[in-house]
């Protein structure tokens, strides 16, 4: 579907009172706002939109709550094209540009679209210039004209180098103006001096209302995390930086300082302390490096002012903002994304030293098994965190901004920016988990996501093997998960099991030294025993084709009907007839295979690797109903 033509100039006409026009606009930003009421049961979510008419943007647009379902069902999202059917202007202080567009009715014309034009924030001088005949002429002439014919008001005379002031954000009943600072002297505020350069503590706003279209603001926030100074080098030469996370009652934001500001602010800011902060820059968050729950990030510059709060001023500001998800939910999150998670340390591995293949540098690591009421997962600690960690007391650990890995399941790995809190007091989950683990959790064997457990339970489409190839599944940046109804036609029995390291969290193959000992190169240790583990190569077939897949651990046990230890013992005893019988029983039965498809580079050749995430018998009644539904969808509609 071709992109709609936007109604140029409509935003300014709306702000100036001409609200009968049914303009076509583009949604270029969506921000959710939790309504704050005395009665939490009456609290409702609100959505604030940034709209574009192709030329200008305006960010103070509040969506009526009756249309929340458009966003929650993803009918209305960023870059959607909408027609505004009913809008009102909430004028707080139009003289200073404090207005809000209240969107009571709109229709989504195009849910998915490309960004149209190169719009800029509507200048504040245009918003408040609403006097004289020119404004009246603008509103009357545009009611019956094509949108593109609207004349553009002449900008107020300003110095050529002066930046335009922008519109304002307003949350609920509290207006947050962005005033025009161009007439004020640009003094040196770098050291947070008093007098004319001191922080305006009467203009404190919440972190969740910050956006790049605001000119003047102050926040009062706590430093919840601060990274070490890091160096970098680019085309402009070497540099250094550090980042910190700031929190208040409303949310959090990442702030970064470079070079001179890095030297000045790194020693000034202390974790856990509360500060007034003003005159920093704001921009869209770079998700490659920023894991905080905010659309924007902050940069400290030469104008930035930071002042420490007096003792007791920040008592109502939390130490950190967590957004925990259950461990079981990690199975449904994409690899390389980040999350906040909390659990109890059930076991801890010894320190390990690994060598990077790329840099040949040595790294220290330690793995822990983190559990909650429904699942467990492997977490990797690095460097100093790994060296100092002692998991002997089964403490509750909370991780903020930890990275999700994807290898035969799901794992977690700490980064430089990951915040770790031991037995955090600011969340009731700490006590809940402590009581659960002491009473029953320590004796329960939970599904381990690091071994693929529960990943296969996610809803996956059922495809034929030929559809997988024709649709190019597995060729994207992220893996695809598919279900196939097929039967096993070949199994490589000679390589079905291997001798695995006996360490709980290792899983690597050991080398038989033929003297009663077995060496693990990963752990750099020699053991007197080993474990048998499955790594089955099997060919599955359906009426459209065949495909080789790899089946590990629990899934291989479900396929073959015996444990890896039993299979390995038969192999060690050279019981070929028993192995043949096991393999024969596993073949020529139709099953549902849930597969993970992901392209990998092997010997300079790109090929798709299919890993089995679960094997299950076919629920024939359910399968029959699915086929009937598919047949009905293929039938032509009768007039």
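The backbone N, Cα and C atoms fix where each Cβ goes, glycine too.
From a predicted model like this one, the values you see are computed outputs, not experimental measurements.
As annotated by TrEMBL, compositional bias 'Polar residues' applies to 133-145.
Among the features that TrEMBL reports, compositional bias 'Pro residues' is placed at 150-162.
The domain 'Replication factor-A protein 1 N-terminal' feature in TrEMBL is assigned to 6-110.
What TrEMBL records for 217-298 is domain 'OB'.
Residues or ranges marked as domain 'Replication protein A OB' in TrEMBL: 327-421.
Annotated domain 'Replication factor A C-terminal' per TrEMBL: 481-627, in sequence order. Over the domain 'Replication factor A C-terminal' (481-627), the average per-residue pLDDT in this prediction is 89.
What TrEMBL lists as region 'Disordered' is 133-197.
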Give the one range among 6-110, 217-298, 327-421 whose Cβ atoms make the most pairs under 8 Å with those of the domain 'Replication factor A C-terminal' (481-627).
327-421
Per DSSP, what is the helix/strand/coil residue tally across the domain 'Replication factor A C-terminal' (481-627)?
39 helix, 69 strand, 39 coil
